[in-house]
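Just below is one structure, and these are the notes that go with it.
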C-alpha cells in the first residue's frame, strides 16, 4: 500500500526490529573477533556494521514516525555508505589469500588489490554520500533531488563495476589455483605452498558468498535508483528487505569466518617482503613447481626468525601441514 511520505510506505515494525537485533549481534561478534585477534583489519567490518545498525535504527524510528524526514535521510546515507566498508574488507582479505596460496595464480600483484579496489571504493563512497546528501536535502520532485539521485546512481554503478571486476579476478584466481595452472610466469623466487584444509576452503567459500551477496545488493540499488524516487522498486518495502537487508546481514556474518586466511598467514614464518624479495634454497627433495616444501619453510624460519618458536631446535624436525 502506498503511503504519502518520503518512503512511499511505512517500514514494517518486525522487519526493522529484526534487522536491529541481527546487526547488533553481528557487531558484538565483530568486536569479539577484534578483541581475540587484535588485528586492525577487523575494524573495517565493524564500521560497516555500525553503519548498517544506524540505518536500520532510523528505519525503526520511521516505523513509529513515518513522516519523520530526518529518519528517511539518515537511513539513506547510512545504508548507502555502510556496504563500502564490507567490500573494502573483501579486497583486503583477498590480498591475504593470494599471498597465502601463491601470487603466481593471480592476474594482479597482491598489493594492487587493496590499492586499486579500495581507491575505487572511496570514489564510489564519495559519490554516493554526496548524491545522497543532495537528494535527501532537496524538495521532493525538484531538479536538485533529481541531480542528487543521478550522482548517487553514478556512485552505485561505479561500485557495482568495481565489485564485478573484483569477482572476475577472484574467480580466475581460484580456477587457476585448483587446476594448478599459474597465470603469471615464475620469477625464480619460491612461494609458500600451503595445502588445502577444510577450514581454509570454508573460509574462502564464505568470502565468495559475501562477495556474491554484495553484487546482488549493488544490482538492486542500481535498478532502484534508475527508476527514481517514485519508482515501483523504491516504494515497495519487500524489495528492499529481500535485496538489501538479507544480502547485507549475510555479508556481515560471512566476513567473520573469512578472516581465517589473513590470521593464518600472520603465523607463517615469512612476510610479504620475504616472499617478494628472497631467494629460497630448494629442499633435499628438489625444487617444486608450485612452491617450497614444508622443509623449505622450516629452513626459512630458522634464518628469518632464529629466536622464535617457529625455528625448530632439532634441524631434522620439520613442521606438519597442520602446524602451518
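In case you wondered, yes, glycine gets a Cβ from its N, Cα and C as well.
When Cβ-Cβ distances below 8 Å are used as the criterion, the transmembrane segment (14-34) is approached by residues 42-43, 45-46, 49-50, 52-53, 56-57, 59-60, 62-63, 237, 241, 245, 249, 252-253, 256, 259 of the same chain, each at least six residues removed from its ends. What Swiss-Prot lists as transmembrane segment is 14-34 (among others).
Residues 11, 13, 16-17, 19-20, 23-24, 26-27, 30-31, 33-34, 71-72, 74-75, 77-79, 81-86, 88-89, 92-93, 245, 248-249, 252, 255-256, 259, 262 of the same chain sit 6 or more residues outside the transmembrane segment (40-60) yet have a Cβ under 8 Å from a Cβ within it. As annotated by Swiss-Prot, transmembrane segment applies to 40-60 (among others), with the evidence given as sequence analysis.
According to Swiss-Prot, the feature transmembrane segment maps to 72-92 (among others). Distant neighbours of the transmembrane segment (72-92): 5-7, 41, 44-45, 47-52, 54-56, 58-59, 62, 113-114, 117-118, 121-122, 124-125, 128-129, 132-133, 135-137, 152, 156, 159, 162-163, 166, 207, 210-211, 214, 217-218, 221, 244, 248, 251-252, 255, 258, 262; these residues of the same chain sit at least 6 beyond its ends, with a Cβ under 8 Å from one of its Cβ atoms.
Residues or ranges marked as transmembrane segment in Swiss-Prot (evidence: sequence analysis): 115-135 (among others). When Cβ-Cβ distances below 8 Å are used as the criterion, the transmembrane segment (115-135) is approached by residues 76-77, 80-81, 84, 87-88, 91-92, 108, 144-145, 147-156, 158-159, 162, 166, 229 of the same chain, each at least six residues removed from its ends.
Residues or ranges marked as transmembrane segment in Swiss-Prot: 156-176 (among others). For the transmembrane segment (156-176), the list of distant contacts is 80, 84, 87, 90-91, 94, 97-98, 105-108, 113, 117, 120-121, 123-124, 127-128, 182-183, 204, 208, 211-212, 214-215, 218-219, 221-222, 225: same-chain residues at least six beyond its ends, Cβ to Cβ under 8 Å.
The transmembrane segment feature in Swiss-Prot is assigned to 206-223 (among others); the stated evidence is sequence analysis.
Positions annotated as transmembrane segment by Swiss-Prot, on the basis of sequence analysis: 238-258 (among others).
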